[in-house]
Amino acid sequence: MNPRRKQRLTWVAILVIGVSVATGLMLYALSQSIDLFYTPTELVEGKGKDKQKPQVGQRMRVGGMVVEGSVERDRETLEVSFKITDIGPEVTVLYQGILPDLFREGQGIVAQGELIEPTVLKASEVLAKHDEEYMPPELAEQMKGIKHVNPNTVEKGEGQ
């Protein structure tokens with residue numbers, strides 16, 4: 001094998017190894033952050049097999065049902081505080097802004113923001129779940145036993 005061909009082969013091998021390592025690291029990083037959101041139980045007790053808890057200061061999404069009677073609004077500002085739960089612990093969500101029209105106590109929401117204490121999320125965005133019919137099977141299993149108020153029946157006077 002002549003020296004020029006040997007040099008080319010060496011460069012091709014280095015390039016293939018480099019691309020493989022970069023792809024592997026990228027896939028590993030993506031697999032660690034693929035969760036759509038944490039439930040309040042996962043936030044408090046940890047998530048996954050190793051029960052890994054998120055760190056204070058971490059940006060995340062937390063989803064659950066708004067606890068009835070927990071919504072507190074500041075009369076002077078647009079600041080709102082409320083609690084969400086799934087089947088266990090409650091997580092406090094602090095939000096500055098106008099809440100979505102579908103936001104109600106007993107309604108499912110997803111809040112995106114920064115964890116400022118182990119059970120307190122300062123939300124930058126609050127999304128109200130609008131389709132109460134579909135729920136992923138894992139979440140449906142966790143949410144069994146939680147009272148859910150259907151806003152359609154409350155408006156008609158049937159849910160009271």
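Just so it is clear, glycine is given a Cβ too, placed from its N, Cα and C backbone atoms.
When Cβ-Cβ distances below 8 Å are used as the criterion, the topological domain 'Cytoplasmic' (1-8) is approached by no residue of the same chain that is at least six residues removed from its ends. The topological domain 'Cytoplasmic' annotation in Swiss-Prot covers 1-8 and is backed by sequence analysis.
Beyond the ends of the transmembrane segment (9-29), by six or more residues, the same chain brings 1 to within a C-beta distance below 8 angstroms of the stretch. Look at Swiss-Prot and you will find 9-29 tagged as transmembrane segment, backed by sequence analysis.
Confidence for the topological domain 'Periplasmic' (30-160), expressed as mean pLDDT, is 81. Annotation comment: Swiss-Prot describes 30-160 as topological domain 'Periplasmic'.
Long-range C-beta contacts of His130 (heme binding site), restricted to its own chain and to partners at least six residues apart, with a cutoff below 8 Å, comprise Leu102. What Swiss-Prot lists as heme binding site is His130, Tyr134, and the listing cites sequence analysis.
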